[in-house]
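**Student:** Pulled the feature table from TrEMBL, pasting it below:
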SIGNAL    1-17  signal peptide
TRANSMEM  82-99  transmembrane segment
TRANSMEM  166-188  transmembrane segment
TRANSMEM  194-213  transmembrane segment
TRANSMEM  225-251  transmembrane segment
TRANSMEM  257-278  transmembrane segment
TRANSMEM  285-306  transmembrane segment
TRANSMEM  312-330  transmembrane segment
TRANSMEM  351-373  transmembrane segment
TRANSMEM  385-407  transmembrane segment
């Protein structure tokens, strides 16, 4: 499988190199769907200029990236294109290895269940075979590298690509069973954009499962490992935070980065849900609705963790999708990460209810974004309502997509336990309703 993966990497690098040298690169870098005030490359360049002049990059309201990012590019700014291409390659290879290891674990689990005769006899058609699982890791890498959203994000030099690489390395460390590396990469991801804090729960559940520690609040081993992982995570986050202080010489970056993410002062249009709502909001109600909007990202963590405690990798996929939809400054680069996992759940296709309609909605919205932007900003024949309406439809489409996969996953697990063809007591066919 190494040769096809290398070919995909070469093809992806070629596509990016051609676009970097084309006249489209400048246009893509200005698209509000691709970059945000948090990760736009031009803001990184302005921050570097301030740093070179001996001025804190956080002294104004331009730069909102973390100190480690600006000091990284302080040394490699001339090779920025290669850095972003390498970041995409690292993400793709990490996802490839994650899916490869996950498939091996699932196949072993399925094999043991078959040997123990735990599955009903009518679910044979739901059993996954090595042949159908063989190319899934390559498809995931392909879906990430050649997804137009990923390509656009890379060509725009959005730092979202670096965040995706960190999250992919966190997932790889978790699947490999390294609690220490998992905690380090999770703390880096949290340091970068705050919201990956919600990935702590699926990582903990997976590591507990791997060590055969039961998820039981009365178990001493459960609390001991949770404490150990929590200390590693918080300790890594503290070290990174202090390192940023020593590099910068002040704590100015905390309100400029995390305060900016949470308070949403910049209402530049994007593909998220915040900008239009708070542009129309009375200042008196702003704090209340800001809390309501921000809590969306964190609110679903506990109920999803309870429901999917036996399936932490799918929980991780759900959490990444929730972050991409409900974060304050989303871009298409965020969406490309969770969409890369869709081939991983190809065995759920038979249970998906709205996949065709949702796919059409997402494609249509992706095409209409630049059209309605042009009508609003350049032609003057539309207004912000048009652009926000397509943003709402796009996010509703994402929510339907994710909830459809959630339904399909739970339904398949139910069938594996109770049989594929359910019958009532009188022998008639039963209808499955998931509540």
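Backbone N, Cα and C atoms are what each Cβ position is placed from, and that goes for glycine too.
Surface or core, plus neighbours and distances: that's what I need for these features.
**Tutor:** Away from its own ends, the signal peptide (1-17) comes close to residues 81, 84-85, 88-89, 92-93, 96, 134, 137-138, 141-142, 145-146, 151, 154-155 of its chain (Cβ-Cβ under 8 Å, at least six residues beyond either end).
Listed as Cβ neighbours of the transmembrane segment (82-99) (distance under 8 Å, sequence separation of 6 or more from its ends, same chain) are residues 5, 8-9, 12-13, 16-17, 72-73, 76, 136-138, 140-141, 144-145, 150, 154, 157, 161-162, 164-165, 168-169, 171-172, 175, 337, 340-341, 344.
Remote same-chain residues near the transmembrane segment (194-213) are listed as 167, 170, 174-175, 177, 179, 182, 186, 219, 221-222, 225-226, 229-230, 233, 258, 261-262, 297-298, 301-302, 305, 308-310, 312-313, 315-316, 319-320, 322-323, 327 (criterion: CB distance under 8 Å, separation of at least six residues from the stretch ends).
Note on the transmembrane segment (225-251): residues 56, 58, 66-68, 71, 179-180, 182-184, 186-188, 190-191, 200, 203-204, 207-208, 211, 213 of its chain, located 6 or more positions outside it, place their CB under 8 angstroms from a CB of the stretch.
Within its own chain, the transmembrane segment (257-278) is flanked in space by residues 32-33, 36-38, 61, 64-66, 193-195, 286, 289-290, 293-294, 326-332, 369, 373, 384, 387-388, 391-392, 394-395, which lie at least six positions past its ends and keep a Cβ under 8 Å from the stretch.
Outside the transmembrane segment (351-373), and at least 6 residues removed from its termini, the chain residues within Cβ reach (under 8 Å) are 31-33, 148, 269, 271, 382, 386-387, 390, 393-394, 396-398, 400-401, 404-405, 407-408, 411-412.
Same-chain residues lying 6+ beyond the ends of the transmembrane segment (385-407) with a Cβ under 8 Å from its Cβ atoms: 269-273, 275-276, 317-318, 321-322, 324-325, 335, 338, 342, 345, 348, 351-355, 358, 361-362, 365-366, 368-369, 372-373, 375-376, 434.
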